[in-house]
Amino acid sequence: MLKIYNSLKREKQVFTPIEPNKVRMYVCGMTVYDYCHLGHARVMVVFDMVYRWLKASGYDVTYVRNITDIDDKIIKRAIENGETIQQLTNRFIAFMHEDADALGVQRPDYEPRATEYVPEMLDLIGKLEANGLAYQASDGDVNYAVRKFPGYGKLSGKSLDDLRAGERVEVDSAKQDPLDFVLWKHAKPGEPAWQSPWGDGRPGWHIECSAMSSKLLGQHFDIHGGGQDLQFPHHENEIAQSEGANCCNFVNYWMHNGFVRVDNEKMSKSLGNFFTIRTVLEQFDAEVVRFFILRAHYRSPLNYSDAHLDDARRSLDSLYFALRDVPPAAADIDWSNEFAGRFAAALNEDFDSHGAIAVLFELAAEVNRQKSAGLSCLLKGLGGVIGLLEREPSAYLQGGAGVGGLDEAAVGQMIVDRAAAKKAKNFAEADRIRDELKAAGIILDDSPQGTTWRRA
């Protein structure tokens, strides 16, 4: 029985889909004007794990993760670069896909771009206006009248009075209330614009997700996810828009992953501790990064540091050592097995990947103790459920080697030379070769079956 922590209700709830055995899930994706950073990596990996587990549990899942390809930052960056918005966004969408693929993130079923759904946005704004929840201001913008929606604040737990008193609200004399937010921005010279009943302009950020989700998943669907930073105001505003326009419940379960911190500080460009996925992957294997993200519960803060990534690498290495030393015939899962049952129980408890990975370590210990190929198959199979342990052990353990200028063939030849030196009892030469390989970031493992190597 799957339980999900529902941010809307502030408690874990048994998951009951709207339609039996079908799940419709929407996750807020990237704004594509720059490279993806570690915060994006966490969103991608966490909800990929959710997607995988829902499918493994037998659900027919429709997963939508949007792309924001029009907003102020995109326009500003395109102007700075002297290129079109399409050139900029297409380039960074391609980079985003490269990063996601490296991290083992499966493509969503739908990946809508905001600019492709402007008619749906206009339709939604029209409904809001007809329902008395939207108005055109003197500056030409169309705004949402927040105080006219009775349920505003139910996701974030913020009252309108608290927001007015405690939040930094942008002062805009054209708004009826400082808390109102823009649905349609009046066109400015040199900016992209679409025709609308309220004049040429472009959509506000919040209306984009309401329109895309309702078009692809319907007005009422099961799960909406995203980073904790989006809970307010973005997701709060989505609820106001969607429920205000369609007069029905919007989403049953809201999921939010925790923040990423760097050495216990908030990650930000101003602090100089801002890391893109690409920067991290120059130093660490992509599966290590995925493992690092999943080793923490998705709602917990995730503290990035080189030391924590090194520890994650050593931990993942140990799982691959078990698969290397007791090769599985194939990935196979017997769900009646005790380890498989506890693995499933962890993921059914609000997608507790931390607990599931703990079961993998217990299973690996049994693989090592019993030398059981059957348990090795189970280890590989369970790891694959959450996108881990899907490579050949040698490919993983030798990945990243060559930092000292040695390719795979050169390493193989040096191992042959070392074996010959040992056979000739030239132990000084054998030790010299081992030390040279170690200096190049390569560790040798001797066993009765021969010598294998891995990166340090």
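For all residues, glycine too, the Cβ spot is worked out from N, Cα and C.
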Candidate ranges 30-40, 118-128, 415-425, 437-447; Swiss-Prot annotation motif ''HIGH' region' resolves to 30-40
Per Swiss-Prot, the motif ''KMSKS' region' among 81-85, 186-190, 266-270 spans residues 266-270
Contact set of the motif ''HIGH' region' (30-40) with the rest of its chain, CB cutoff 8 A exclusive, min separation 6+ beyond the ends, reads 67-69, 71, 73-74, 77-78, 88-89, 92-93, 95-96, 99-100, 227, 229, 259-260, 262, 267, 274-278, 280, 304
By the 10 Å Cβ-neighbour count, the most surrounded of the binding-site residues C28, C209 is C209
Taking all protein chains shown into account, the Cβ-based neighbour count within 10 Å for E238 (Zn(2+) binding site) is 25
Listed in sequence order, the residues of the same chain lying six or more positions from H234 (Zn(2+) binding site) whose CB sits under 8 Å from its CB are C28, W205, H206, C209, G226
Excluding C28, C209, H234, E238 themselves, the Zn(2+) site's Cβ centre has within 8 Å the residues W205, H206, E208, S210, H224, G226, L230, H235, N237
The mean pLDDT across the motif ''KMSKS' region' (266-270) is 73
DSSP tally for the motif ''HIGH' region' (30-40), helix/strand/coil in that order, comes to 3 helix, 2 strand, 6 coil
